[in-house]
Every structure is written in structure tokens, then in C-alpha cells.
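Summarising the annotation, TrEMBL assigns active site to 202. The ATP binding site annotation in TrEMBL covers 206, 207, 208, 209, 210, 211, 212, 213, 245, 246. The domain 'Fido' feature in TrEMBL is assigned to 114-273.
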């Protein structure tokens, strides 16, 4: 037989990888995980809870977007707020609720065993109506009974990017997967391999990508022994590099031939680099939360009026770097509905109190300001 796909080769699933390329990434990740943990201790529980809700929202929306399903952000946020007990909402979407429930289950119940029954429950939660977002009927909570291929085009232009193992060997494939999973010590490489191996098996007729990413989250939560491992979103970073995600899978699973078909170094490197970038972005986010808290602590005794607080909050919530064009008198008027003279007086006072500073190179009617953090 002409072997092509990774699971067809004799020594599968004895995956191989080059630790020399991987170890430096692992060291950087472990350092950042420790840094994040320390930073979180300087932020209030309320702020960390808000960050957690934001990250869970990003994770769920991005994981679905990778698969071509685009969720309503407000619906996801409300469902998460309800699950976390942050806000009381009764009107939530049951499809969104299912996606939220499996991620929270993976990240909070990480000490519970992962087995086929748990994965079937996750699969059922993803498709509560028995159909996917395109309306195709799904064999919910059951291993697929048909062949599975990833294709594009049709007829003579059809391209098969991947063909999964046939349904008659799926049960044995999952037995091997769980045997390895439950015997292997939790770690970053395990999170990467579990994600890839589950995608290789493709046990369900849909939802495999989302479950694979959830399995990774489960392993990472076990590694960090913490619910707060969800203050960074791997799927968000993956979605931003969606082309790379699929290219690496193609090179790893057999669409693009390589000398050693069982070498998965490229995938592990990609996974760890994506995780590292997610951690870096989260570190910047937590640092910004701490800086905002320090800013308000510094100016808590100042007699800021409601207009000033409104403008400062708006800019801080958007992010100083993201607030294009800086604070101007005209923007101040637009936000507060104050007169131009009142806006001028308010801005002058904020300058005197070192709440804001004039942006270098601006003057006169074109004067722009930015919030002064870290002073």
C-alpha cells in the first residue's frame, strides 16, 4: 500500500521530535508562567476574574472561528458571566452555553479523569441541536461511522488535505490514545501531542478541532494546577495565525511529504511558540491592569469630577495604545457633552494633577494628551 497519512506508517503512534529545538521554548514558557502567577498576586481578585472572563470569551470565539463558525461575542460573554457568577443572566444561547460549559469543565475540573465518556459529553454540548452551524446532521456523542476527509474543491479540482483513520479502527485508536494519555506525565509536550494526536484520529464527525484544543487546555490546567491558567488564550493567537496552524498540520499529518513521517517536531514547536506568544500578550494585559489600578490609587484623593472620570475611564478601558489620536479638546467635548471652555478647564486641571501629559510635537488647536501611567 502506498502510505501517505501519518497514521498509516508502521511505527505510528511512536511520534518523534527533536528536544534540542523544544527545550529553550519550554524554559521561556515556564518562566512566563511563573511571571504571570506573580503578577496576578498584585491584581485584585475582581480584576483577575474580569480578565478570566475576557480570556474565556476570546478562547471560545476564536476556537469556533478557526472552524469557520462565528459566534456573537455578547452572547458568549453573557454565558460566561452567568457560569462564573459575575452577573445574573437568564437569556443565554444554549449553543453558546454548551461551548462555555466544556471549556470551564476542562479548566476547573482538571483533576477529574479524561476518558471517552467525558469527550462524548463535550461533543454533545457542542451540538445541542444535533446539527452543526451549517445545518448538517451530527451523530452527537458517538464515534463517527463514516470515513472522514478534509477537502477543498470538487471533481477534478478536489484536493484531499487529510484523510483520517477508517471508522472500524476508531475504538482501538482511542484506546491507544487514552492509554498513552493516562500514563504520560502532564507537561507542555503532552499538551502539544494530545492536541495533534486527537486531530489525527478525528473520532467524531464534527467538532474535533474544538475538542482537541479543549484537551490542550485541560492538560495545561493540570500542569499549572490552577483555574487561572485561563488568563491567556491559545486559540486567539492560533486564529490570528490561522494559515500557519493549517500549514503546520499539513506538513505534520502527511499532506506534504517529509523524510521522517512520524517526526512531529514542527508541530510541537508551533504549539509552544503559540503558547509563548499567548503568555506574552497576557503578561502585557495583566501589567496594564496593575498600572490602571496604581493610577486610580495615586489619584484617589484628587477631587476629580464625573466628566474627568468618564474620559479617563474610557481611554483606560480602550487602552492607551489603542486610543487613536490621543485625548483632544474636541473628543473631550464629544464624550462629556461639556462646553469647550469647561473642557479646557478640565484638561488643564488634569495636567496640573499629572493625570495626563501633553503629547510631544502637538500644540495649539492640535494639542493632544495621553494618560500618564507609572509616574
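Glycine is no exception: its Cβ is also placed from the backbone N, Cα and C atoms.
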Quiz item: Quick one: mean pLDDT on the domain 'Fido' (114-273)?
Solution: 94
Quiz item: Who sits close to residue 245 (ATP binding site): which same-chain residues at least 6 apart have their Cβ under 8 Å from its Cβ?
Solution: 66, 238, 270
Quiz item: Among the binding-site residues 206, 212, whose Cβ has the fewest other Cβ atoms within 10 Å?
Solution: 212
Quiz item: In Å, how large is the greatest distance between any two Cα atoms among 206, 207, 208, 209, 210, 211, 212, 213, 245, 246, the listed binders of ATP?
Solution: 18
Quiz prompt | Number of other Cβ atoms within 10 Å of the Cβ of residue 210 (ATP binding site) across all protein chains | solution = 23
Quiz item: Rounded to an integer, what is the Cα-Cα distance in Å between residue 210 (ATP binding site) and residue 202 (active site)?
Solution: 11
Quiz item: When the number of other CB atoms within 10 A of each residue's CB is tallied over all shown chains, which of the recorded positions 202, 208 has the maximum?
Solution: 202
Quiz item: Quick one: what's DSSP say for residue 208 (ATP binding site), helix, strand or coil?
Solution: helix
Self-check item: Residue pair residue 212 (ATP binding site), the residue listed as 'active site' - Cα distance, angstrom, rounded
Solution: 9
Quiz prompt | Collapsed DSSP category at residue 202 (active site) | solution = coil
